């Protein structure tokens, strides 16, 4: 097998990268009816597997789980999750032959083994689904010609997919059909029905491609979503403690600060996040963000280039073959950082506004990181809608994992693929941020409020205009408006 993207000519590459269409609500008028009465078998019962399955069952679909024999006999976590929620569970041999749609929701590194095991068992003309296209695009998996291959990729962790569905909404979702595997022309109907069953059509669906989803997803998770948060957490905590701050206070400011700060992104983008600062602090955050871009933009572009070329995937798959030696070593090193071992902040109170006032450089890191990731994706041919979802939109969700159990929780919740890319980025970004940004911070940049200063009205006006007119803000306003409309529709019943 060889990297599918690299087998395409330039025109085909640009076409696949640029596949992005925001679908109309009317296109989902039939809901998930196309899949009703069909047997759907999910392989894997982790966060995405369980929660998508719960949503699909609640939408009226026939869902069961195919697990490896040892997972069943040893009653492993996947078996317990499925059975405790009342699902039928069986081996591949028991369930796959009668399945109309097999959905592969195992980790990326297991996909080739899953395909090799289930493909001979699948009936003629069945369908095969993914929620991430890595196996097709980067590994170059070849699927039987009679099988339809589709993707439904919720832009949230599995737990969020379930919680949003339970409150009558959903999460933004990308869907795609693999052009090499749509023999009956039913791929889009299957993908739409699957997305509707998970609740994705209530929040907005992008018709994309396997290529666009993979390249943008890898870029977002490696840089702003995980890598920047990890690097920022480590250097900001170290700086606070070095400046004499109580380690417990420093740990809490960082651990919960990302979540509080990025919650503003969800409601009003970078504009609202920056508006939470005083004028003096906003100016300083803007200036710090520009400095961060000067020192880190090369790294964002390198990651984008390595993702497009396939260099990243080749490097990671070599580590898979080596027993994940690098991944495990980096994971262990992260667990030993001072931030991860900061004392608990029992009794320490930090108000919502204090997280903004005492975290100006954190706000700057978020602003710079979102804009650099978005710009790098768009410059590489990825459409703005996809770039928005893979940078700004998912950030509050990842920040929430840090609030729960710091970097450990983030790296547990995200995939091994995301975790590996996170370390590649943060291992380089951390010393750069420490030397070029954090060591140069002024009073009021971190740990205490920015001192009030005389404000140049013209300078402030220009900064505000620059913030509000960045392309990520313009497309974000449009997409968030759609989601607001959808929430209003769902709340009315």
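Including glycine, each Cβ sits where the backbone N, Cα and C put it.
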**OP:** Among 57, 68, find me the residue Swiss-Prot lists at the same NADP(+) site as 45, 46, 47, 48, 76, 78, 108, 109, 110, 158.
**Re:** 68
Subject >> Identity of the Mg(2+) 2-site residue among 201, 217, 238, 243 (reference: 390, 394, source: Swiss-Prot) >> reply: 217
Subject >> Three-state composition of the domain 'KARI C-terminal knotted 1' (209-345), taking helix and strand from DSSP >> reply: 114 helix, 0 strand, 23 coil
**OP:** Spatially speaking, which of the binding-site residues 217, 221, 390, 394, 415 is closest to residue 47 (NADP(+) binding site)? Use C-alpha to C-alpha, please.
**Re:** 415
Original post:
What are the helix, strand and coil residue counts for the domain 'KARI C-terminal knotted 2' (346-486) according to DSSP?
Top reply: 108 helix, 0 strand, 33 coil
Original post:
Counting only other Cβ atoms and using a 10 Å cut-off, which of the binding-site residues 45, 47 scores lowest?
Top reply: 47
**OP:** Going by Cα-Cα distance, pick out whichever of the binding-site residues 45, 68, 109, 394 is nearest to residue 221 (Mg(2+) 1 binding site).
**Re:** 394
**OP:** Based on DSSP, name the secondary structure state of residue 47 (NADP(+) binding site): helix, strand or coil.
**Re:** helix
